[in-house]
Amino acid sequence: MSQPVERSPASTRTVFFVSDGTGITAETFGHSVLTQFELRFKQVRLPFIDTPDKAYDALRKINETFAADGQRPIIFSTLVKADLSSIVRQSQGMHMDLIQTFVEPLEQELGVKSTHTIGRSHTSTDSEEYKNRIEAINFSLAHDDGQSHKNLSAADVILVGVSRSGKTPTSLFLAMQYGIKAANYPLIPDDFEREKLPGGLQAYKHKIFGLSIAADRLAEIRNERLPGSKYAALENCRYEVNEAERMMRREGIRWMSSTTKSIEEIAATILQEIKLDPPIKD
């Protein structure tokens, strides 16, 4: 079996994300792959490459980068039209064509041609999926940080945890990415003294998922916001984290630590644990 060729990596490698739409798909896939390498990357986005003139302009930019860097740029491309893709393929770059790699084999397997519609997943602003996402975002904003107890029956998931444990960004990610209606409520010292969940949540315990965090990391985050305060003191953070975890265990609430997890990993865990199945996007 052949072995990978070992090269002396340069300090920074240029990466182009080329698309005839927004470039979100190319960028998301590219990021997932690039994180597997302990190298620095300079990222260049080239969205809306939907005419030959724009494709030749992208070709010029890639070749200029090759001349300046002395090494091939890496290209992640989602150009649907073959004529545009063939232009970019003439560049002095290492070309990763996601359409050819995945769509064409699927056409053969499924026995049907794809629609080859440019930017399809990001332009269906009138679709039911888009409306659901907007509704979910509005719901999550209205139910952020315990602002409202109204209409909790409509929530898909209710996140609880100490302040600054990642509840708000996770709620908004679930809403924006999956159309999940996520409310979130802070667990505070008053709740620990009463040994009860925040008012109104008991009836929806089956929807609750908890987020915890390492006390030292929590202290770091809180000190960025309120340096030197009791709120950010390590001793207080330890108390809140310990009490919150004790409450979640007592109430039988599923929970996880967000300390070393990305928002994407947290969201994926929640979807799996709560048994939520986000719809396949158009």
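Including glycine, each Cβ sits where the backbone N, Cα and C put it.
Source: prediction; values computed, not measured.
Taken from Swiss-Prot, the feature ADP binding site covers Gly161, Val162, Ser163, Arg164, Ser165, Gly166, Lys167, Thr168, and the record attributes it to sequence analysis. Counting every protein chain shown, the Cβ of Ser165 (ADP binding site) has 27 other Cβ atoms within 10 Å. In this structure, Ser165 (ADP binding site) belongs to neither helix nor strand by DSSP; it is coil.
Around the Cβ of Gly166 (ADP binding site), the same chain contributes Leu211, Ile213, Ser258, Ile263, Ile266, each under 8 angstroms and 6 or more positions distant in sequence. When the binding-site residues Arg164, Lys167 are compared by the number of other CB atoms within 10 angstroms of each CB, Arg164 has the fewest. For Gly161 (ADP binding site), the same-chain residues lying six or more positions away in sequence with a CB closer than 8 A to its CB are Lys167, Asn184, Pro186, Leu187, Gly210, Leu211, Ser212, Ile213, Ala244, Trp255, Ser258. For Ser163 (ADP binding site), the Cβ neighbour count at a 10 Å cut-off comes to 17, with all displayed protein chains included.
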